[in-house]
Amino acid sequence: MAANIIDGKALAHKLRETITEDVSQLRQDGVIPHLTVIIAGDDPASKSYVRGKEKATQQTGISFDVIDMPAAISEKELLDSIRELNHDKSVHGILVQLPLPEHIDEQNVIQTIHPDKDVDGFHPVNIGKLMSGQATFLPCTPYGIMTMLEAYNISVKGKHAVVIGRSRIVGRPVGQLLLNQDATVTYCHSKTHQLTAYAASADILITAVGKANMINSEAIKEGAVIIDVGMNRLDDGSLTGDVDFSSAAEKASYITPVPKGVGPMTITMLLKNTVQAAKGLSYFAG
Ligand SMILES: Nc1nc(=O)c2c([nH]1)NC[C@@H]1CN(c3ccc(C(=O)N[C@@H](CCC(=O)O)C(=O)O)cc3)C=[N+]21
């Protein structure tokens, strides 16, 4: 079987048209949706991701600003500026770019963002809401993945979904969303025995590991749907996923490329969450 390619970039483009219309309506109603990003330090990858977010907000008419902090910023100063943004009525979404410098406690930072401005969906209140099926901001990458599956009419009901990676940002929440939609979910991670056997039993395989080409066709069931969340920068500067794309595409029914798969969807859902924050609403996580 030759797999269908799930074109995240094209879908992102389409969704951004609707978001642009929503923003324009909000502006007519006197609300200017605004996202503030805080970045600490000058890691080139982080800087480049923030530029991507800036470009996407500008394209859709969302107002954007970035607060650049030195890597040596104290945790207290960082938390104080988050508290200020929490009180600023013109700011609807706050995103603190991760990873943070090592001396800063990531969890303290996430918990300081007001849950109603937490457009990343990382705050424990929002994670709790997701777990209990209440309206909330969904974390952008899992939300993007569910949106791609829906757009391609891929039902997860009753299917075996295998998630490789158990991060709070991707693995855990995407497994929860799949479960909410009646998939049978298995979480695998770095300590899993017989990883290949689990992967090869997946109807839907989500890889969020960060190891280039760790999954090849041997670990893929004929007809499986493959969602590759990996973003691995190779020595030649190119970007590749966790899945060996060409061999996997021979067996899969659907597969996401890297780049132009999950990445553009992640940013699109951030835009959507920001608009939703500006409307003063959040989603139902189903
Ligand atoms: N608080 C926080 N929230 C995040 O959402 C967050 C974060 N921190 N830290 C870093 C990761 C990474 N991330 C990406 C999003 C889109 C692309 C993306 O659009 N990638 C393009 C390619 C970009 C390129 O070529 O460099 C693509 O896949 O086609 C990549 C990476 C968001 N992150």
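Glycine is no exception: its Cβ is also placed from the backbone N, Cα and C atoms.
According to TrEMBL, the protein has these features:
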type    : residues               : note
BINDING : GLY165, ARG166, SER167 : NADP(+) binding site
DOMAIN  : 6-120                  : domain 'Tetrahydrofolate dehydrogenase/cyclohydrolase catalytic'
DOMAIN  : 139-279                : domain 'Tetrahydrofolate dehydrogenase/cyclohydrolase NAD(P)-binding'
For the NADP(+) site built from GLY165, ARG166, SER167, further residues of that chain with CB within 8 A of the site's CB center:
VAL163, ILE164, ARG168, ILE169, VAL170, GLY171, ARG172, TYR187, HIS189, ALA208, VAL209
If you count the other CB atoms within 10 A of the CB of SER167 (NADP(+) binding site), including all protein chains displayed, you should get 16
Please work out the number of neighbouring Cβ atoms within 10 Å of the Cβ of ARG166 (NADP(+) binding site), leaving out its own Cβ.
16
By a three-class reduction of DSSP, SER167 (NADP(+) binding site) is assigned coil
How do the residues of the domain 'Tetrahydrofolate dehydrogenase/cyclohydrolase NAD(P)-binding' (139-279) split into helix, strand and coil according to DSSP?
56 helix, 26 strand, 59 coil
Counting across all protein chains shown, how many other Cβ atoms sit within 10 Å of the Cβ of GLY165 (NADP(+) binding site)?
23
What mean pLDDT does the predicted model reach across the domain 'Tetrahydrofolate dehydrogenase/cyclohydrolase catalytic' (6-120)?
97
